[in-house]
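Working notes, beginning with the structure itself.
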(Lines of atoms letter the chains of each structure in order from A and count residues from 1; the text may use other names and numbers.)
(Lines give C-alpha, C1' and ligand atoms only; values in the text may rest on other atoms or scores of the structure.)
Protein backbone atom coordinates (compact mmCIF):
# COMPACT_ATOMS: atom_id res chain seq x y z
CA UNK A 1 0.00 0.00 0.00
CA UNK A 2 1.20 3.53 -0.63
CA UNK A 3 0.67 4.58 2.94
CA UNK A 4 1.05 2.87 6.28
CA UNK A 5 -2.72 2.39 6.59
CA UNK A 6 -5.46 1.19 4.32
CA UNK A 7 -7.44 4.07 2.81
CA UNK A 8 -10.84 5.23 3.91
CA UNK A 9 -13.67 5.29 1.33
CA UNK A 10 -16.93 7.17 1.28
CA UNK A 11 -20.05 5.10 0.65
CA UNK A 12 -20.41 6.81 -2.74
CA UNK A 13 -16.89 5.75 -3.70
CA UNK A 14 -17.63 2.12 -2.84
CA UNK A 15 -20.95 2.19 -4.71
CA UNK A 16 -19.16 3.45 -7.82
CA UNK A 17 -17.15 0.20 -7.99
CA UNK A 18 -20.08 -1.81 -9.31
CA UNK A 19 -18.85 -3.37 -12.55
CA UNK A 20 -17.00 -6.47 -13.65
CA UNK A 21 -13.88 -4.35 -14.14
CA UNK A 22 -13.95 -3.03 -10.57
CA UNK A 23 -16.20 -4.68 -8.01
CA UNK A 24 -16.17 -3.67 -4.34
CA UNK A 25 -18.36 -5.03 -1.56
CA UNK A 26 -18.57 -4.29 2.15
CA UNK A 27 -19.18 -6.14 5.38
CA UNK A 28 -19.91 -3.58 8.03
CA UNK A 29 -17.12 -1.01 7.72
CA UNK A 30 -14.67 -3.23 5.83
CA UNK A 31 -14.29 -2.69 2.07
CA UNK A 32 -13.26 -5.60 -0.18
CA UNK A 33 -12.15 -5.63 -3.82
CA UNK A 34 -13.59 -8.88 -5.22
CA UNK A 35 -12.99 -8.07 -8.89
CA UNK A 36 -10.72 -11.07 -9.37
CA UNK A 37 -13.31 -13.35 -7.80
CA UNK A 38 -16.25 -12.37 -10.03
CA UNK A 39 -15.53 -14.95 -12.74
CA UNK A 40 -14.46 -17.56 -10.19
CA UNK A 41 -17.63 -17.47 -8.09
CA UNK A 42 -19.21 -20.95 -8.11
CA UNK A 43 -22.70 -19.52 -8.66
CA UNK A 44 -21.62 -17.29 -11.53
CA UNK A 45 -20.34 -13.76 -11.71
CA UNK A 46 -23.80 -12.22 -12.01
CA UNK A 47 -24.57 -13.17 -8.42
CA UNK A 48 -21.56 -11.21 -7.25
CA UNK A 49 -22.37 -8.22 -9.45
CA UNK A 50 -25.90 -8.10 -8.01
CA UNK A 51 -24.26 -6.99 -4.76
CA UNK A 52 -21.47 -4.86 -6.23
CA UNK A 53 -20.99 -1.72 -4.18
CA UNK A 54 -23.25 -3.07 -1.42
CA UNK A 55 -23.02 -4.71 2.00
CA UNK A 56 -23.01 -8.50 1.72
CA UNK A 57 -23.18 -9.45 5.41
CA UNK A 58 -26.78 -10.63 5.24
CA UNK A 59 -26.50 -12.58 2.00
CA UNK A 60 -23.44 -14.43 3.27
CA UNK A 61 -25.49 -15.74 6.19
CA UNK A 62 -28.75 -16.25 4.28
CA UNK A 63 -29.50 -19.99 4.55
CA UNK A 64 -32.34 -19.70 2.02
CA UNK A 65 -29.82 -18.53 -0.56
CA UNK A 66 -26.68 -20.37 0.44
CA UNK A 67 -24.69 -20.36 3.66
CA UNK A 68 -21.12 -19.56 2.72
CA UNK A 69 -18.20 -21.56 4.04
CA UNK A 70 -15.11 -20.32 5.84
CA UNK A 71 -13.32 -20.40 2.48
CA UNK A 72 -15.47 -17.52 1.30
CA UNK A 73 -14.42 -15.45 4.29
CA UNK A 74 -10.78 -16.32 3.65
CA UNK A 75 -11.14 -14.98 0.10
CA UNK A 76 -12.54 -11.77 1.54
CA UNK A 77 -9.74 -11.46 4.07
CA UNK A 78 -7.25 -11.49 1.21
CA UNK A 79 -9.25 -8.83 -0.63
CA UNK A 80 -9.50 -6.17 2.09
CA UNK A 81 -8.62 -2.78 0.54
CA UNK A 82 -9.88 -0.23 3.07
CA UNK A 83 -12.63 0.97 5.34
CA UNK A 84 -15.82 2.97 5.09
CA UNK A 85 -15.80 6.46 6.54
CA UNK A 86 -17.67 6.77 9.79
CA UNK A 87 -20.04 9.67 9.29
CA UNK A 88 -21.55 9.36 12.75
CA UNK A 89 -18.71 10.11 15.15
CA UNK A 90 -15.52 10.36 13.12
CA UNK A 91 -14.09 7.08 14.32
CA UNK A 92 -11.88 5.10 12.02
CA UNK A 93 -13.39 2.11 10.30
CA UNK A 94 -10.79 -0.31 11.57
CA UNK A 95 -11.87 0.26 15.14
CA UNK A 96 -8.45 1.52 16.14
CA UNK A 97 -9.11 5.19 15.62
CA UNK A 98 -10.16 8.02 17.80
CA UNK A 99 -12.52 10.85 17.02
CA UNK A 100 -11.81 13.24 14.17
CA UNK A 101 -10.27 10.55 12.03
CA UNK A 102 -7.23 9.96 14.22
CA UNK A 103 -5.51 6.57 14.17
CA UNK A 104 -3.40 5.91 17.26
CA UNK A 105 -3.64 9.64 18.00
CA UNK A 106 -2.39 10.67 14.54
CA UNK A 107 -4.62 12.02 11.80
CA UNK A 108 -4.67 9.90 8.65
CA UNK A 109 -5.93 11.73 5.59
CA UNK A 110 -8.73 9.58 4.15
CA UNK A 111 -7.81 10.50 0.57
CA UNK A 112 -4.01 10.10 0.74
CA UNK A 113 -3.86 7.25 3.26
CA UNK A 114 -0.91 8.94 4.96
CA UNK A 115 -0.23 10.74 8.21
CA UNK A 116 3.40 11.88 8.24
CA UNK A 117 6.21 12.79 5.88
CA UNK A 118 8.03 9.52 6.54
CA UNK A 119 5.15 7.73 4.77
CA UNK A 120 6.22 9.41 1.52
CA UNK A 121 9.47 7.42 1.53
CA UNK A 122 8.04 3.99 2.29
CA UNK A 123 8.38 1.70 -0.71
CA UNK A 124 5.11 0.77 -2.36
CA UNK A 125 4.31 -2.92 -2.73
CA UNK A 126 3.88 -2.64 -6.48
CA UNK A 127 1.96 -5.86 -7.10
CA UNK A 128 -0.38 -5.31 -4.16
CA UNK A 129 -0.93 -1.66 -5.03
CA UNK A 130 -1.93 -2.48 -8.60
CA UNK A 131 -4.18 -5.35 -7.52
CA UNK A 132 -5.88 -3.18 -4.93
CA UNK A 133 -6.38 0.07 -6.81
CA UNK A 134 -6.43 -1.02 -10.48
CA UNK A 135 -4.63 2.19 -11.44
CA UNK A 136 -0.99 2.12 -12.60
CA UNK A 137 1.59 -0.69 -12.53
CA UNK A 138 4.81 1.01 -11.47
CA UNK A 139 6.87 -1.63 -13.23
CA UNK A 140 5.51 -0.63 -16.64
CA UNK A 141 5.73 2.73 -18.47
CA UNK A 142 3.24 5.10 -16.88
CA UNK A 143 2.42 7.42 -19.77
CA UNK A 144 0.73 4.80 -22.01
CA UNK A 145 -1.11 3.40 -18.98
CA UNK A 146 -2.61 6.82 -18.29
CA UNK A 147 -3.38 7.44 -21.98
CA UNK A 148 -5.01 4.07 -22.62
CA UNK A 149 -6.36 3.46 -19.10
CA UNK A 150 -9.86 4.82 -19.70
CA UNK A 151 -9.90 6.35 -16.22
CA UNK A 152 -12.63 8.73 -15.20
CA UNK A 153 -11.51 12.10 -13.86
CA UNK A 154 -12.87 11.29 -10.40
CA UNK A 155 -11.01 7.99 -10.19
CA UNK A 156 -7.79 9.46 -11.63
CA UNK A 157 -7.72 12.40 -9.19
CA UNK A 158 -8.38 10.10 -6.26
CA UNK A 159 -5.52 7.80 -7.22
CA UNK A 160 -2.93 10.33 -8.36
CA UNK A 161 -3.14 12.07 -4.97
CA UNK A 162 -2.37 8.84 -3.10
CA UNK A 163 1.45 9.04 -3.07
CA UNK A 164 3.54 6.03 -4.04
CA UNK A 165 7.27 5.44 -3.61
CA UNK A 166 9.22 3.50 -6.23
CA UNK A 167 12.16 1.29 -5.23
CA UNK A 168 13.92 3.53 -2.76
CA UNK A 169 13.29 6.73 -4.67
CA UNK A 170 14.31 5.61 -8.15
CA UNK A 171 12.41 6.95 -11.16
CA UNK A 172 9.57 4.74 -12.32
CA UNK A 173 9.45 4.27 -16.11
CA UNK A 174 7.40 6.98 -17.80
CA UNK A 175 7.78 6.34 -21.54
CA UNK A 176 9.93 3.22 -21.63
CA UNK A 177 11.68 4.31 -24.84
CA UNK A 178 14.12 6.91 -26.19
CA UNK A 179 12.02 9.68 -24.59
CA UNK A 180 12.74 8.40 -21.08
CA UNK A 181 15.92 10.48 -20.48
CA UNK A 182 14.05 13.64 -21.52
CA UNK A 183 11.60 13.12 -18.66
CA UNK A 184 14.32 13.37 -16.01
CA UNK A 185 15.98 16.60 -14.91
CA UNK A 186 18.72 16.83 -12.25
CA UNK A 187 18.36 19.85 -9.96
CA UNK A 188 21.69 21.42 -10.93
CA UNK A 189 20.59 21.78 -14.57
CA UNK A 190 18.18 24.57 -13.60
CA UNK A 191 20.78 27.17 -12.56
CA UNK A 192 23.23 25.97 -15.23
CA UNK A 193 20.62 26.43 -17.97
CA UNK A 194 18.79 29.58 -16.82
CA UNK A 195 21.34 31.75 -14.99
CA UNK A 196 23.35 32.62 -18.16
CA UNK A 197 20.35 34.06 -20.07
CA UNK A 198 19.20 35.91 -16.93
CA UNK A 199 22.67 37.42 -16.55
CA UNK A 200 22.82 38.33 -20.23
CA UNK A 201 19.36 39.88 -20.12
CA UNK A 202 20.32 42.05 -17.15
CA UNK A 203 23.49 43.08 -18.97
CA UNK A 204 21.48 44.22 -21.99
CA UNK A 205 18.91 46.02 -19.84
CA UNK A 206 21.62 47.88 -17.92
CA UNK A 207 22.43 49.95 -21.00
CA UNK A 208 19.16 51.84 -20.61
CA UNK A 209 18.73 51.85 -16.83
CA UNK A 210 20.52 53.23 -13.82
CA UNK A 211 21.88 50.64 -11.39
CA UNK A 212 19.18 51.53 -8.85
CA UNK A 213 16.49 51.40 -11.52
CA UNK A 214 17.59 47.97 -12.69
CA UNK A 215 17.62 46.65 -9.12
CA UNK A 216 14.10 48.00 -8.59
CA UNK A 217 12.88 46.30 -11.78
CA UNK A 218 14.60 43.05 -10.84
CA UNK A 219 13.03 43.06 -7.36
CA UNK A 220 9.67 43.83 -8.94
CA UNK A 221 10.09 40.77 -11.14
CA UNK A 222 10.85 38.66 -8.07
CA UNK A 223 7.64 39.93 -6.49
CA UNK A 224 5.68 39.10 -9.62
CA UNK A 225 7.11 35.56 -9.61
CA UNK A 226 5.96 35.13 -6.02
CA UNK A 227 2.30 35.57 -6.96
CA UNK A 228 2.79 33.72 -10.27
CA UNK A 229 4.23 30.73 -8.39
CA UNK A 230 1.14 30.58 -6.19
CA UNK A 231 -1.24 31.08 -9.09
CA UNK A 232 0.37 28.51 -11.37
CA UNK A 233 0.49 25.91 -8.62
CA UNK A 234 -3.07 26.46 -7.50
CA UNK A 235 -4.90 27.13 -10.76
CA UNK A 236 -2.83 25.25 -13.37
CA UNK A 237 -1.11 22.37 -11.61
CA UNK A 238 -4.14 21.80 -9.36
CA UNK A 239 -6.99 22.66 -11.72
CA UNK A 240 -8.67 19.48 -10.48
CA UNK A 241 -12.26 20.73 -10.52
CA UNK A 242 -11.89 22.12 -14.05
CA UNK A 243 -9.87 19.25 -15.47
CA UNK A 244 -11.52 17.90 -18.65
CA UNK A 245 -12.92 14.43 -18.06
CA UNK A 246 -11.11 12.82 -21.00
CA UNK A 247 -7.80 11.13 -21.62
CA UNK A 248 -6.18 14.21 -23.18
CA UNK A 249 -6.84 16.35 -20.12
CA UNK A 250 -5.96 13.59 -17.68
CA UNK A 251 -2.71 12.71 -19.47
CA UNK A 252 -1.64 16.36 -19.70
CA UNK A 253 -2.37 16.80 -15.98
CA UNK A 254 -0.36 13.69 -15.13
CA UNK A 255 2.60 14.77 -17.25
CA UNK A 256 2.62 18.34 -15.96
CA UNK A 257 2.15 17.78 -12.23
CA UNK A 258 0.18 14.63 -11.44
CA UNK A 259 3.24 12.41 -11.64
CA UNK A 260 4.90 14.55 -8.97
CA UNK A 261 2.03 13.94 -6.54
CA UNK A 262 1.94 10.27 -7.49
CA UNK A 263 5.70 9.84 -6.93
CA UNK A 264 6.68 12.88 -4.85
CA UNK A 265 10.13 11.66 -3.83
CA UNK A 266 11.37 10.99 -7.37
CA UNK A 267 14.34 13.38 -7.39
CA UNK A 268 14.65 13.46 -11.18
CA UNK A 269 11.06 14.61 -11.69
CA UNK A 270 11.03 17.35 -9.07
CA UNK A 271 12.31 20.29 -11.10
CA UNK A 272 10.84 21.35 -14.41
CA UNK A 273 12.56 20.31 -17.66
CA UNK A 274 13.93 23.46 -19.35
CA UNK A 275 11.93 22.84 -22.53
CA UNK A 276 8.65 22.71 -20.57
CA UNK A 277 9.44 25.83 -18.57
CA UNK A 278 10.40 27.68 -21.76
CA UNK A 279 6.88 26.99 -23.06
CA UNK A 280 5.31 28.27 -19.83
CA UNK A 281 7.65 31.27 -19.62
CA UNK A 282 7.16 32.56 -23.18
CA UNK A 283 3.74 34.17 -22.50
CA UNK A 284 5.25 36.02 -19.54
CA UNK A 285 7.95 37.50 -21.79
CA UNK A 286 5.21 38.87 -23.99
CA UNK A 287 3.23 40.02 -20.94
CA UNK A 288 6.19 41.93 -19.50
CA UNK A 289 6.81 43.70 -22.81
CA UNK A 290 3.11 44.46 -23.18
CA UNK A 291 2.84 46.03 -19.73
CA UNK A 292 6.09 47.99 -20.02
CA UNK A 293 5.68 48.67 -23.72
CA UNK A 294 7.38 52.06 -23.53
CA UNK A 295 10.76 50.68 -22.35
CA UNK A 296 12.33 47.42 -23.51
CA UNK A 297 14.97 47.63 -20.78
CA UNK A 298 12.46 47.84 -17.93
CA UNK A 299 10.46 44.93 -19.32
CA UNK A 300 13.58 42.80 -19.72
CA UNK A 301 14.89 43.56 -16.21
CA UNK A 302 11.49 42.73 -14.69
CA UNK A 303 11.32 39.51 -16.70
CA UNK A 304 14.83 38.50 -15.61
CA UNK A 305 13.79 39.04 -11.99
CA UNK A 306 10.86 36.72 -12.55
CA UNK A 307 13.04 34.02 -14.10
CA UNK A 308 15.48 34.31 -11.21
CA UNK A 309 12.52 33.83 -8.88
CA UNK A 310 11.67 30.66 -10.79
CA UNK A 311 15.24 29.37 -10.37
CA UNK A 312 14.97 29.94 -6.61
CA UNK A 313 11.59 28.21 -6.61
CA UNK A 314 12.74 25.05 -8.38
CA UNK A 315 15.88 24.72 -6.25
CA UNK A 316 13.86 25.32 -3.09
CA UNK A 317 11.34 22.69 -4.22
CA UNK A 318 14.08 20.11 -4.70
CA UNK A 319 15.79 20.85 -1.39
CA UNK A 320 12.48 20.74 0.52
CA UNK A 321 12.10 17.14 -0.62
CA UNK A 322 15.67 15.92 -0.33
CA UNK A 323 17.87 18.01 1.97
CA UNK A 324 18.21 18.83 5.65
CA UNK A 325 17.72 22.59 5.87
CA UNK A 326 18.22 25.54 8.24
CA UNK A 327 15.48 26.41 10.71
CA UNK A 328 13.49 28.75 8.39
CA UNK A 329 13.51 26.19 5.60
CA UNK A 330 12.59 23.39 7.98
CA UNK A 331 9.22 25.08 8.45
CA UNK A 332 8.83 25.44 4.69
CA UNK A 333 9.77 21.77 4.29
CA UNK A 334 7.16 20.76 6.87
CA UNK A 335 4.45 22.76 5.11
CA UNK A 336 5.30 21.55 1.62
CA UNK A 337 5.49 17.88 2.55
CA UNK A 338 2.14 18.28 4.32
CA UNK A 339 0.80 19.46 0.97
CA UNK A 340 1.72 16.01 -0.35
CA UNK A 341 0.78 13.63 2.46
CA UNK A 342 -1.90 15.54 4.34
CA UNK A 343 -3.78 18.15 2.33
CA UNK A 344 -3.08 18.67 -1.36
CA UNK A 345 -5.95 21.16 -1.65
CA UNK A 346 -4.07 23.78 0.39
CA UNK A 347 -0.49 24.96 0.79
CA UNK A 348 0.32 26.11 -2.75
CA UNK A 349 3.22 28.42 -1.90
CA UNK A 350 6.59 26.68 -2.13
CA UNK A 351 9.16 29.42 -1.50
CA UNK A 352 6.86 31.21 0.96
CA UNK A 353 3.45 30.66 2.60
CA UNK A 354 2.63 34.39 2.24
CA UNK A 355 0.01 34.11 -0.50
CA UNK A 356 -1.57 31.08 1.19
CA UNK A 357 -2.18 33.32 4.20
CA UNK A 358 -3.59 36.08 2.00
CA UNK A 359 -5.98 33.79 0.08
CA UNK A 360 -6.96 31.44 2.91
CA UNK A 361 -5.22 28.29 1.70
CA UNK A 362 -2.67 28.07 4.49
CA UNK A 363 -1.78 24.67 5.91
CA UNK A 364 -2.18 24.41 9.65
CA UNK A 365 -0.55 21.05 10.31
CA UNK A 366 -3.84 19.61 11.58
CA UNK A 367 -6.83 17.91 10.06
CA UNK A 368 -7.49 19.59 6.70
CA UNK A 369 -10.79 21.04 5.68
CA UNK A 370 -10.75 18.90 2.57
CA UNK A 371 -13.27 19.37 -0.19
CA UNK A 372 -15.44 16.48 -1.22
CA UNK A 373 -16.19 15.34 -4.72
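Every residue gets a Cβ built from N, Cα and C, even glycine.
What TrEMBL records for this protein:
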- 6-85: domain 'Cytochrome b5 heme-binding' (DOMAIN)
- 41, 68: heme binding site (BINDING)
- 187-205: transmembrane segment (TRANSMEM)
- 211-232: transmembrane segment (TRANSMEM)
- 233, 238, 257, 260, 261, 317, 321, 336, 339, 340: Zn(2+) binding site (BINDING)
- 300-320: transmembrane segment (TRANSMEM)
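Feature map: TrEMBL annotations on the structure.
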residue: 41; record: heme binding site; Cβ neighbours (10 Å): 15
residue: 233; record: Zn(2+) binding site; Cβ neighbours (10 Å): 19
residue: 257; record: Zn(2+) binding site; Cβ neighbours (10 Å): 18
residue: 261; record: Zn(2+) binding site; Cβ neighbours (10 Å): 21
residue: 321; record: Zn(2+) binding site; Cβ neighbours (10 Å): 22
residue: 339; record: Zn(2+) binding site; Cβ neighbours (10 Å): 24
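Long-range Cβ contacts of the transmembrane segment (300-320) within its own chain (Cβ-Cβ under 8 Å, at least 6 residues beyond either end) map to 187, 190-191, 194-195, 197-198, 201-202, 204-205, 209, 213-214, 217-226, 228-229, 267, 270-272, 277, 281, 284-285, 288-289, 292, 329, 332-333, 336-337, 350-351. Beyond the ends of the transmembrane segment (187-205), by six or more residues, the same chain brings 214, 217-218, 267, 270-272, 274, 277, 296-298, 300-301, 303-304, 307-308, 310-311, 314-315, 318-319 to within a C-beta distance below 8 angstroms of the stretch. Between the alpha carbons (Cα) of residue 233 (Zn(2+) binding site) and residue 41 (heme binding site) lies a span of roughly 47 Å.
In the predicted structure, the domain 'Cytochrome b5 heme-binding' (6-85) carries a mean pLDDT of 79. According to DSSP, the secondary structure content of the domain 'Cytochrome b5 heme-binding' (6-85) in residues is 27 helix, 18 strand, 35 coil.
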